[in-house]
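K.L.:
What follows is a single structure, and I will ask about it in a moment.
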Amino acid sequence: MEIDFAEYQLSSQLRGHEDDARGVCICDNAGIATSSRDRTIRFWTLDESNKRDYTLSRILLGHTSFVGPLAWVPPNEEFPEGGIISGGMDTLVLVWNLATGEKVQTLKGHKLQVTGIALDGSDIVSTSVDCTLRRWRKGQQVEILEAHKAAIQAIIKLPSGELVTGSSDMTSKLWKGKSCIQTFLGHTDTVRGLAVMPGLGILSASHDGSIKLWTLSGELLMEMVGHTSIVYSVDAHASGLIVSGSEDCFAKIWKDGVCVQSIEHPGCVWDAKFLENGDIVTACSDGIVRIWTAHRDKAADAVELDSYASQLSQYKCSRKRVGGLKLEDLPGLEALQTAGTSDGQTKVVREGDNGVAYSWNMSEQKWDKIGEVVDGPDDNMKHPVLDGIQYDYVFDVDIGDGQPIRKLPYNRSDNPYDVADKWLLKENLPLSYREQIVEFILQNTGQRNFTPDPSFRDPYTGSSAYVPGAPSKSSGVSKPTYKHIPKKGMLVFDVAQFDGILKKVSEFNNALLSDPEKQHLSLTEGDMSKLGTIVKILKDTSHYHSSRFSDLDIAVMVKLLKTWPLTMIFPVVDLMRMIVLHPDGAIELFQHVKDENDTIMELIKKVTSSPPLPANLLTSLRAVTNLFKSSYFHEWLQLHRMEILDAFSSFYSSSNKNVQLSYATLILNYAVLLIEKKDEEGQSQVLSAALEIAEEVSVETDSTFRALVAIGSLMLEGLVRRIALDFDVENIAKAAKSSNDVKIAEVGADIELVAKQS
C-alpha cells in the first residue's frame, strides 16, 4: 500500500492500563493487543460506530509481573478468534485464547525475563535475558539455543523464514535453524528493537540512540540518528515509512533516512507499531496507548487535541528545573499579591512553562519583573544529571559478575521501592534484586529509618512497601535521619576519551622516534597494536565479565610508565586508570604492585616530584582513586595509605578544580575503606585531610561536599568522633549549614547532628 507522507496527528487515546504501557501487537484486522507493567494484556477492537476510537474488549490476567513482548496467533481451529502469546518479567510465556479470554498454556523454562516472542509456523520461539532462545511445540520445550553471550532483547521472523535476534552484546544475528548465518556488527550499545523493512532487509534500534538498516548479507545501508536517548523500538510500513520509539519521549517518523516528524509524548515511548492503513500505535510510560493518523478525517477533535497539549505541558513542567528547582514547585502569579519585606527582595514564580524572577520595589510597593530564570552553568554542579534530567543523586551501581557499572538516578521525594522497580525493569535485571537496591538507596541517602508512603501500592503485589528490619510504628523510637552520611561504596572516574589517549601516545611516540637520543624509548608497531588491543577490550563494556588481557599487552603499558619521559606519561596513566575498572585488568595490574618493584608507588613518587605537571597529577590522582573499585587493592591501599596521602596532600588547594575534586574523592574513598577496616590511625589521618579541604575557602563546591561527607561518615561509623570534636568540627558544620549550596548545607546539618549525639 502506497501512501504519501503527511503529518501525523493524534487520533485517539486508549486508556485502561494502570502503569507503563510496554508493548504493542497488531492483530491483523481483529484489533490491537497491548502489554503493561500493571501485569495485564489488554485487547482493543475498533469501534464500528465511528471507525476512529477503540474499545477495550478483553483484559488477560495471569502474569505475576510486568508483561513485555506479545505475538498474534491468527484464527485457526484451536483459536477461532485468534490468540495472544505473551512474555513477562516472571520468566513465563503464556498462550491466551481470545474467544474466551482464558490462559490455555503456561510455558516454563526461561530463567530470567522473557524479552521476545516470534511465531514460527505452529512453533513458539522465545528469547530472554538468560541469553537463550527456546522453541516450544504443543506446549513442550523442544529446543534450547544459547544464541548470544549477553542478554537477548528482541526477536523477529523474516518473510523468508529465518529468525533474527538482537542482544546486549551490541550485535544482531540471523539464524537458519540452529546455525547463525550472519552477524550484524555496528551498534555501540545494546540492540533493543528489530523490524523487517519490506523488500530491503532488517531494521535495528539501539541504546546508542541510532536506528540502522541492514541487508540480509550484513551490509549497512543506512543509519538514522536523531533520538537523544535509548531507542526501544522500531517498525516499518509498506509505504517505506519507519517509526521509532525512545526514552527521549518522542516517536520519530523517518522517510528515506530523514526524520520527517517527531511526535512528543508525556513520557518514555516504549513501543511504536504501524497499522496496515499507515496509522501508528504508541505505548507510553504514562500508561496510555495512542493512535496517530495521517488521515485528516480520523484526527481527534479540537477538545481532545487541546487536552493532549495540556498533558504535554504538565509533563514538561514536572520535568523542567529553574535555578535548580522543579518548575512545578514554584508558586504561581498569586504569590506576587503578597508584599515583600525588604527592598530588593527577589521572588521566582511560575508563568506558563517558565520561571520568572521579580524584585520587590519598596518605594513603589510593587514587584518589578527582572526576567526569565534559567539554570546557570553552576546549577548542574549542584544536581547530578542523567540523560538530560537533574536528580538529587545518580549512583554508580555495581551488580557484580564483572558487568559494567549501571547508573541509578534517585530523588529524595521518590519512593525507593518504586524507583527500584522501575530501574530493574529498565536495566532488564531480575526483580529478586529489589530489596538489595532499596537497601542500597536507603543507605546511600541516609534514610535508614525510611517510612513508606501509606498511599504507595506495590505494582506487583498491590501491597504497601516495607523496609526489612525497620522499627514498627508502635515502637515510638525516633532515631536521627541523615541525608548524606554514611557514604557507602566507592566513587570512580569512569569516563575516558580512548581515541584521544591513543592519539596522544602516538604523537609522543613519533616525537621519540625523531629524537636520536630517545629513539630507544619508542614503541614498535607491535607495541602500538597491543595498546590498541587494550583499548578495544576496555570499550567493549558488555563483555567485561568475560574479556581478558594478555600479560604482554599489560607489560607494554607498565614499560611505558617506567621508562617514558615524565612529560609524556599522562596518557598512559589515563589508560591505567580505566584498566583497573576492568575485573581482569585489576588482577593483571595487581601483579605489578606485589613486589619491591612496585610500579604504582614508583609512579606516584615520580608524578608528585616538584614541580608536578598538572596533567600527570590529575591522571595519577584519578588512577589511584579508581584502585578502590577493586578489592584486590584494598590491602595495598591501606598499607601505603600514609605514603599516598602525604604525596598528594599539598594539592587539595590546587588552582585546578579537577585536581581538587580528584583529591577530595580520594579522601572520601579512603574514609569508606578505613571505616570498613576499623583502622583508627588511618581514619585520623583521613579526617585531618578532609578537615583541611573543608576549611579551605578556595576549594570548589563539589570537593568541599565530598570532604564533608568523609568527615560525617568517619564521625558516624568510624572511630574518630571525639578527635573531630577536638578539631572544632562543630564550627565547620555551622559554616556549611549557612552555605547557599543545598547539598553542603544538608551535610553540614548531618555533621552537626552527629556531633550532638551522646
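If you go along the chain as it appears here, the first residue is 1 and each next one adds 1.
Glycine too: its Cβ is placed from the backbone N, Cα and C atoms.
These numbers come from a predicted model, not from an experiment.
What TrEMBL records for 14-54, 60-106, 184-217, 224-255 is repeat 'WD'. As annotated by TrEMBL, domain 'PFU' applies to 359-455. TrEMBL lists 483-754 with the feature domain 'PUL'.
How buried are these features, and what lies next to them?
P.N.:
Broken down with DSSP, the repeat 'WD' (14-54) shows 0 helix, 22 strand, 19 coil.
For the repeat 'WD' (60-106), the mean pLDDT of the prediction comes to 94.
Beyond the ends of the repeat 'WD' (224-255), by six or more residues, the same chain brings 1-3, 5, 8, 192-198, 203-207, 209-213, 261-274, 278, 280, 282-283, 292, 315, 387-388 to within a C-beta distance below 8 angstroms of the stretch.
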K.L.:
Residue counts in helix (H, G, I), strand (E, B) and coil for the repeat 'WD' (224-255), per DSSP?
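P.N.:
The breakdown for the repeat 'WD' (224-255) reads 0 helix, 19 strand, 13 coil.
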